[in-house]
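According to TrEMBL, the domain 'PDEase' annotation covers 354-678. The active site, proton donor annotation in TrEMBL covers HIS430. The feature AMP binding site is assigned by TrEMBL to HIS430, ASN431, TRP432, ARG433, HIS434, ASP471, ASP582, GLN635. Among the features that TrEMBL reports, Zn(2+) 1 binding site is placed at HIS434, HIS470, ASP471, ASP582. For ASP471, the entry in TrEMBL reads Zn(2+) 2 binding site.
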Amino acid sequence: FLVEGAAAGKKSLVSKFFDVHAGTPLLPCGSTENSNEVQVPWGKGIIGYVAEHGETMTCMLMLLYFLLKDRRFNDEIDKLTGYKTKSLMCMPIRNSDGEIIGVAQAINKTPGGAPFSDDDEKVMQMYLPFCGIAISNAQLFAASRKEYDRSRALLEVVNDLFEEQTDLEKIVKKIMHRAQTLLKCERCSVLLLEDIESPVVKFTKSFELLSPKCSADTDNSFKDSVEKSPSYSDWLINNSIAELVASTGLPVNISDAYQDPRFDAEADQISGFHIRSVLCVPIWNSNHQIIGVAQVLNRLDGKPFDDADQRLFEAFVIFCGLGINNTIMYDQVKKSWAKQSVALDVLSYHATCSKAEVDKFKAANIPLVSELGIDDIHFDDFSLDVDAMITAALRMFMELGMVQKFKIDYETLCRWLLTVRKNYRMVLYHNWRHAFNVCQLMFAMLTTAGFQEILTEIEILALIVGCLCHDLDHRGTNNAFQAKSGSALAQLYGTSATLEHHHFNHAVMILQSEGHNIFANLSSKDYSDLMQLLKQSILATDLTLYFERRTEFFELVSKGGYDWNIKNHREIFRSMLMTACDLGAVTKPWEISRQATELVTSEFFEQGDRERSELKLTPSAIFDRNRKDELPRLQLEWIDSICMPLYECLVKLNVKLKPMLDSVAVNRGKWEELHQKRLPSQAASSSSFSSSFTMSLKDI
């Protein structure tokens, strides 16, 4: 039995060789990974007693017969190995410094388990010093070999880091595979901080790797969580330990998790994964700033992580920190390039309005609301020319009292509106006219349904400005196209609400341009609140967000549980208003609604043509020019699944909006008539319609 755990202060005795007798080969009990070592706690039984007290006795020797009568005898090894001990002789094994490094045990002298004699004792005493020397040399060689392997592994880590510095997920995956190879642990994870400058510890990315020995699904043993909630995963170590390491910069090595007060045993039980030992260290960048933490759980051999493991892991993580930092910097450079590309594209296309235009509208007489008809829910979207839409927008600002309330400089307002108009591209549908029509419908809903009494003035300002800016610099292609084509916008903003983020940022860019800040006279708090509300309003026009939030909205309205004093209820309501206005063409009289539908469909077809020619993809039905005869059927699905439920719910909330719902019903009837006329020719393809339209909704 060899002594283990001396460096960690938790000694135990482990049998490396067992059942050695004349004529049998010597096999290490740990020769295979599935073999079970025989372990004896320090000080327990005769073996433990010999090991514990050997240093204080000049000649520690025990000769016992009829062991079952000796109270120092521990029969657990007999039960484990199947032996029946009759006689036993134990002696300590010492190294050249006199330190006990093991215990030699002789059992059942042949024949018949007779007692060991004095001569046996002398022979063993003479033999064991040589054993001590041999064992010490073997341990030194094993330690040297282990350090060599670890040093070589660190060099391989450096090689890995230089090979991959462009993809964060790939480099972290390599890092964790190396960590598991080095430390032979069950689980490994890397958590990256959201803001390395902030005193508040918050993780924004987590990567986790499960050892193949602990997972039946080796292909899916690597998991990553990007920008998710702080729960990260069902088996990730308690956040408190990771946060402690990130905040203090000190490593944490827990040999027995359930005995450590920092460990949340309840969370461990909920996860279903039993954590025994934890080693968690900070990850530093080249500026000696903590950018995250790395942690390993449970050595595969069941032992705690020792000092050598900690030193190795800390050295390993130094290289990992440099690699991760380089990858993050590369990503930042890549985003900066994309941002520059987008900015140059924007600047090459757009420009601010001229002084002559500003002077023209500044001096113009602005017609009344009644003259423009902009308070009518059924307003004709195509009745005003581009200049008349500017004057109508000015009238809406004045009618809602925003010019006076927020002390908006009138010349600045004129300049801002003209520049916003100029920053809409000449695409078929998502252009300045669409932005104005969305704003007009918002104005009509606010004034007709009395929402002015419910919403605050700053909320109303955010909604009106949000409507005018919600599709700024729209390119006539949707979010799905940005992702498929890998456009600069997708690289800059990611694949979640790509265009909506761009529309908001473009709105901010205009506001920050000289002479365009219509919010200049707001207080610091009002300005901050308004910009947050403006961002929410523009992002709300992403249909993905609409689908995520409408169920909650429908349930609140259906149960009569809408509370205007609850912040979340107000936010959901504003989001639904933005969607209702964005889709508002479906609520207009048939001829107006159909004309708008033809425009947006033509824009979709142009995107489909690009998907087919540039991306070599077959567009979904709603974008496929070759399937334009399916338009009536597609419109029925669009109205039934997206539009009708929203307007029905808004009418439940405020009956004054019923004319909008009535128009939706009338328009649906018109599309149904067109669909019925084509029904015989559609019969052959009707079975495939549902799936293709579902894909279209996803693409929109």
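Placement of Cβ uses the backbone N, Cα and C atoms for every residue, glycine included.
Sequence features, as recorded in TrEMBL, placed on the structure.
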residue : record                    : contacts (Cβ under 8 Å, 6+ apart)
HIS430  : active site, proton donor : TYR424, ASP471, HIS474, GLY476, GLU603
ASN431  : AMP binding site          : TYR424, ARG425, ASP471, HIS474
TRP432  : AMP binding site          : VAL386, MET389, VAL420, ARG421, TYR424
ARG433  : AMP binding site          : ASP381, PHE382, VAL386, MET389
HIS434  : AMP binding site          : ASP471
HIS470  : Zn(2+) 1 binding site     : ALA435, VAL438, GLU500, HIS503, SER537, ILE538, THR541, MET578, ASP582
GLN635  : AMP binding site          : THR597, TRP671
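Among HIS430, ASN431, TRP432, ARG433, HIS434, ASP471, ASP582, GLN635, the residues given in the record as binding AMP, the maximal Cα to Cα distance rounds to 24 Å. Here the binding-site residues are ASP471, ASP582, and the one ringed by the most other CB atoms within 10 angstroms is ASP471. Taken together, the residues of the domain 'PDEase' (354-678) have an average pLDDT of 96.
Annotated Zn(2+) 1 site HIS434, HIS470, ASP471, ASP582; additional same-chain residues within 8 Å of its Cβ mean position, judged by their own Cβ, are HIS430, ALA435, VAL438, CYS467, HIS474, THR541. GLN635 (AMP binding site) falls within a helix when secondary structure is assigned with DSSP.
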